[in-house]
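Residues annotated as domain 'Amidohydrolase-related' in TrEMBL: A:63-415. Among the features that TrEMBL reports, Zn(2+) binding site is placed at A:GLU150, A:HIS222, A:HIS243. Residues annotated as substrate binding site in TrEMBL: A:ILE161, A:ASN246, A:ALA247, A:ARG254, A:HIS280, A:ILE337, A:ALA338, A:GLY339. Annotation comment: TrEMBL describes A:ASP302 as active site, proton donor/acceptor.
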Amino acid sequence: MPGKTTTLPRITKFTNCRIIRGNELVEQDVWIDSLSGKILRDQEAFYELHISPDEVIDLDGRILAPGLIDVQLNGAQGFDFSVPKSSKEEYDEGLRIVNKGLARTGVTSYLPTVVSSAPEVYWKVLPSLGPSGPKHRAEDGAESLGAHVEGPFISPGRNGIHKTEVLQATEEFEDVIQCYGKANISGDSKTVKMITAAPEIGSMVNHIPSLAAQGIIYSIGHSDASYEQAMNATKQGATMITHLFNAMRPFYHRNPGIFGLLGQNERPRPFYGVIADGIHLHPTSIRIAYNAHPDGLILVTDAMKLCGLPDGVYDWTNGERIVKSGARLTLEGSDKIAGSSATLIECVNNFRRWSNASTAEALNAVTATPARLLGLEGVKGTLESGADADLIVLTDALDPYSGPTLTVDQVWKRGVKIYDSGKAAVNNQL
Amino acid sequence: MRVIIRENVLEASEYIADYIISRIKSFKPTENQPFVLGLPTGSSPEIIYKTLVRHHRAGDISFKNVVTFNMDEYVGLPRDHPESYHSFMYKHFFSHVDIPPQNIHILDGNAPDLAAECASFEAKIARYGGIELFLGGVGPDGHIAFNEPGSSLSSRTRVKTLAYDTILANSRFFGGDLDKVPRMALTVGIQTVMEAREVVIVATGAHKALAVEKGLEGGVNHMWTLSALQLHQHPLIVCDRDATLELKVKTVRYFEAIEQSGTDARTQGPPLVYRPRTYVPAPVGVSKFHQQPTPASTPPRVPKDLKINTQLNQTMDEEELTPDSMSSRMVDSAISGLDSTLKGDMMFDRMGTRVISH
């Protein structure tokens, strides 16, 4: 039989596991093919090709979920996507370490996010951050689905910790092209997947259709837009809000601002990112947003390179420094929150505890929903047959301190196991 | 006839699962001498499959050397349609056990030549030396497989038009849309089932009670195809208490007494004989000649006009009349027993007759 010659089992069947269907978990087997890296149309393979699994993994009732997707992540493992290295090789090497480290946390695909920077920085780093595509190998770990450029066309008053000196206001679409580099935002090999920009700055709102035509997601964020300006942006093609509530005009009852997009029925409600790290947002704020528009909520980490490092003061971009104390990161000399150091699965756990969302709903916010935003339905964020075999095995246990907690036991990328926490699965016990 | 009565569906299913496992085990199947098992679909079998899967997971039984033949499949429904019997079998049984896919035989309702598909199915059964044990369910109108009331008791695998009742009943699986329910099915014939060395029928629920009564206490009749089993050497019917509601108390007690006297059905099966695996040509083609012995001089008297002509049935002369199923003739189909009791004509021994005789 083909595939028997390789050391890896070709067809793996997961059994005795719970998977997401809609908003609930159901018991169902999943078959994957390590050769194609896809989830098998198992019934068809069984009857048509007479395929039976080479390996059966009994998950003992654990959850089998699609690999997590993070659409806003600034760096990890001490590596910052926004800081160019002396050579592209050195930068790519750092990226490889991030990808491997990230995969161990259950994130199998993501949008590497670059904060507001000078054009030279974009020209240098973006060519490395484009979609990994089919050349991505399982052992490389997490894969990029394209870069997320957060800025520099943002509101100087809602800059968060983005350096004001590098912020820009567009006049012509040419300015946007000039800033990121033509090859990065147009054509088949473009590297940018998502842009966060303030629609009210310069003529940005007029450029949304051009970006959308390139297949780039326009996300409203770091913006002082009024409700009307935000509505106008969605009319032009904006489909996302970057870290809702943070770095935007607060909700005001006479003008609900960007947050108001979640309550209106005039236009399709946009997707919105939420940082559920317990620091950026009050749990109730998250619950209000979720109740208003459950189908659009996407959990993001907005994590940066200090994630996982000890407390202390660390150098950041543009010569500034960041103070890390526990999970809290602030810009030195201010109270401004400087990104997060939570992992995505921690955000899922927080969100599940705070929102009363079911386990499946909480996981959808980091799988199916971001896949829908990115136009990758049926490819990522799902266990439907034909999708990429990016999977994670989760244990759902009651933590005495924090309550129900999901932990990542195994990570599979394109049909190959790349991480195992050591909790051995029982093999071949069909 | 062996009849086993259990208190509820679960116990009845458990009994059958245990029975099948014990039959397979004592057969000691090997790759060259596999155990050939006939299988049904439906709600009662579903619980049996669940039980078999549980035993398989516990390591009690392997299906590595089991060959299966399924009773029926819809015509024209895509194989991977959720309501196809391929999907049913995959979902409830095959995907959970270690049966090799090549050991599985299910009729292909999308074959270009359906008659040839049926003939080759019979030939495959013959090549394996026949079916060792045929597990089946029974319809409320007494049908086994898709052998609706009125099916020939000597029928073989063929195309059948579904009775209107069956289409109505099945429409619930197709979003209530009658137009989506397939009109035809491929099914093994009564003769195909009768040729199995052993036939095990599961009948659970009050709505099966009349079928059990007609099949067990009535005469052999093509309107209740289950009754054909009265002519089989080793039939076993496993009921739950509800399915016996229409039986005479005497009948129930008789079968219970047999079981209580220690003659366990599990020890009463047919001897496990190994027939030589010789190729027997499909009987379908042969029956064509057997069925036409009518002399040419009397053609007007042959009720040929009763035949339903389906274009798909090119080579088989076996097409039968498919009337509405039996339940449609009963005043109330939900609990048919009650209404027939009121009508009186179904009563086997009315109290009134006994009063008068005193």
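Here the Cβ of each residue, glycine as well, is placed from N, Cα and C on the backbone.
Remember, TrEMBL labels are computer predictions, not curated facts.
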Taken over the domain 'Amidohydrolase-related' (A:63-415), the model's mean pLDDT: 93
Additional residues surrounding Zn(2+), by Cβ distance to the A:GLU150, A:HIS222, A:HIS243 centre under 8 Å: A:GLN72, A:GLY151, A:ILE154, A:GLY160, A:HIS162, A:THR196, A:SER219, A:GLY221, A:THR242, A:ASN246, A:ALA247, A:ASP302
Euclidean distance between Cα atoms of A:ASP302 (active site, proton donor/acceptor) and A:ASN246 (substrate binding site), Å: 11
Where A:HIS222 (Zn(2+) binding site) sits in the secondary structure, as DSSP reduces it to three classes: coil
Nearest-integer angstrom distance between the alpha carbons (Cα) of A:ALA247 (substrate binding site) and A:HIS222 (Zn(2+) binding site): 5
Within 10 angstroms of A:HIS280 (substrate binding site), Cα basis - binding-site residues out of A:GLU150, A:HIS222, A:HIS243: A:HIS243
Neighbour-count leader, CB within 10 A, binding-site residues: A:HIS222, A:HIS243, A:HIS280: A:HIS222
Where A:ASN246 (substrate binding site) falls in three-state DSSP terms: coil
Number of Cβ atoms other than its own within 10 Å, given for A:ASP302 (active site, proton donor/acceptor): 28
Sparsest-packed of the listed binding-site residues (A:ILE161, A:ALA247, A:ALA338) - C-beta count within 10 angstroms: A:ILE161
Within 10 angstroms of A:ASP302 (active site, proton donor/acceptor), Cα basis - binding-site residues out of A:GLU150, A:ILE161, A:HIS222, A:HIS243, A:ILE337, A:ALA338: A:HIS243, A:ALA338
DSSP-derived structure type at A:ALA338 (substrate binding site), helix or strand or else coil: coil
